[in-house]
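What follows is a set of notes on a single structure, which appears directly below.
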Amino acid sequence: MDIHEYQAKEILANFGVDVPPGGLAYSPEQAAYRARELGGDKWIVKAQVHAGGRGKAGGVKLCDSENDMYEACDAMFGRKLVTHQTGPEGKGIYRVYVESAVQIDREIYLGFVLDRSSQRVMIVASSEGGMEIEEISEQRPDSIVRSIVEPAVGLQEFQAREIAFKLGLEAGLVQHMVRTLQGCYAAFSELDATMVEINPLVITGDNRVLALDAKMSFDDNALFRHPQIAELRDKSQEDPRESRAADRGLSYVGLDGNIGCIVNGAGLAMATMDTIKLAGGEPANFLDIGGGASPERVAKAFRLVLSDQNVQAILVNIFAGINRCDWVAEGVVLALKELDIDIPVVVRLAGTNVEEGQKILAQSGLPIIRATTLMEAAERAVGAWQNDLTQATRMMALK
Ligand code: GDP
Ligand code: MN
């Protein structure tokens with residue numbers, strides 16, 4: 001789960017990382033008020049969306065009057081911000097964060113990530129802040145400092161000092177940098193984060209180490225241990241199809257194709273998507289309905305897959321171990337009756353109670369296309385969709 005910059009800053013501040021004073025606003029009026037509250041004569045206003053690259057996309061503005069602030073926010077609210085990380089559909093701006101502007105002397109990149117090969121938290125830092133890490137690793141790979149944290153002892157002071165020296169910080173700033181690094185590491189490990197990124201971490205004109213930006217992601221499977229983090233979820237920033245699925249306990253990822261998939265088990269769902277491609281089609285989604293899926297759950301899965309307008313055929317692929325084919329078949333029948341589905345539906349069942357399941361499908365009187373193997377199922381789904389298309393074209397030609 002991702003959170004907003006202002007939320008990440010509040011968390012990190014509680015762990016000893018210094019951030020500029022700021023305030024959240026839900027309207028241009030409120031943003032202008034926040035500026036007045038903060039005082040001073042220069043502020044930065046930042047669109048709160050779950051994506052980086054806001055600066056280049058017009059989501060970060062420097063303002064020098066309350067009126068300026070109002071106008072900048074008026075242009076942001078309700079818009080979709082499109083950055084290189086959001087995809088072409090962009091992310092809605094419903095909150096902005098107003099901060100006192102600071103004078104920047106140096107920008108540093110700082111990231112904490114999980115390094116799969118060492119199975120440890122890795123600190124990635126660079127003296128070339130401000131740029132995205134992808135750019136840095138392309139243009140200035142030599143500037144990148146990497147350091148792996150030993151989990152049994154955590155981030156040691158000498159290790160943090162070493163990072164500070166490698167970044168070329170002057171002696172007077174090292175202690176402040178050590179506190180920043182240790183604060184980030186503590187937040188990362190105590191809150192089960194998967195990523196902490198501060199870009200830029202800056203050295204200010206008056207010699208302070210400040211986090212000007214902050215991004216944090218958390219391990220979904222550990223959120224139950226941190227209700228105060230789970231609460232920070234902002235559904236307006238998620239793919240609506242995916243958040244609807246998560247609310248129903250289904251694991252769903254929307255894709256660009258047109259063959260909807262309803263499968264039990266993540267591995268089988270991946271194999272099903274591959275087979276659809278092999279048969280010449282494109283999957284519309286990844287969907288794992290899990291084990292022990294009740295008929296109601298299967299019907300929910302149908303509703304979810306059909307909420308995607310691009311879906312032109314559905315492939316149900318169930319290998320029932322814990323699941324029962326007769327339950328799944330009942331679910332398919334229930335969904336088809338309830339939802340008035342007018343696209344081809346292909347069902348492949350295998351495993352527990354497969355005969356009963358097949359019987360339910362056969363006796364339903366519904367136009368369900370059945371298949372025995374996965375390859376056969378994928379070919380039929382792709383074939384049925386293409387056939388449907390040619391029929392539709394013929395109809396158009398007749399008109
Ligand atoms: P991102 O583009 O989504 O990563 O958003 P950032 O929060 O990193 O902001 C983009 C850029 O705006 C930063 O790299 C800074 O150069 C600049 N910026 C942000 N806050 C301040 C500030 O308080 N003062 C000044 N001068 N620049 C700022
Ligand atoms: Mn940034």
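Indices start at 1 and increase along the chain as displayed.
A Cβ is built for glycine as well, from the same backbone N, Cα and C atoms used for every other residue.
According to TrEMBL, the feature ATP binding site maps to K46, G53, R54, G55, E99, V102, E107. The feature Mg(2+) binding site is assigned by TrEMBL to N199, D213. Per TrEMBL, substrate binding site is recorded for N264. Annotation source TrEMBL lists domain 'ATP-grasp' at 9-227.
All features noted in TrEMBL, drawn onto the structure.
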residue : record                 : DSSP class
K46     : ATP binding site       : strand
G53     : ATP binding site       : coil
E99     : ATP binding site       : strand
E107    : ATP binding site       : strand
N199    : Mg(2+) binding site    : strand
D213    : Mg(2+) binding site    : coil
N264    : substrate binding site : coil
Close in space, distant in sequence - G53 (ATP binding site), Cβ under 8 Å, 6 or more apart:
T83, H84, Q85, T86, E132
How many Å lie between the Cα of N199 (Mg(2+) binding site) and the Cα of K46 (ATP binding site)?
14
Around the Cβ of G55 (ATP binding site), the count of other Cβ atoms that are within 10 Å:
15
Of the binding-site residues E99, V102, E107, N199, D213, which ones put their CB under 6 Å from ligand 2?
N199, D213
With the ATP site defined by the record as K46, G53, R54, G55, E99, V102, E107, how many Å span the farthest pair of C-alpha atoms?
20
Which number gives the other C-beta atoms within 10 angstroms of the C-beta of the residue listed as 'substrate binding site', all protein chains shown included?
25
What is the Cβ neighbour count of V102 (ATP binding site) at a 10 Å cut-off, with all protein chains included?
17
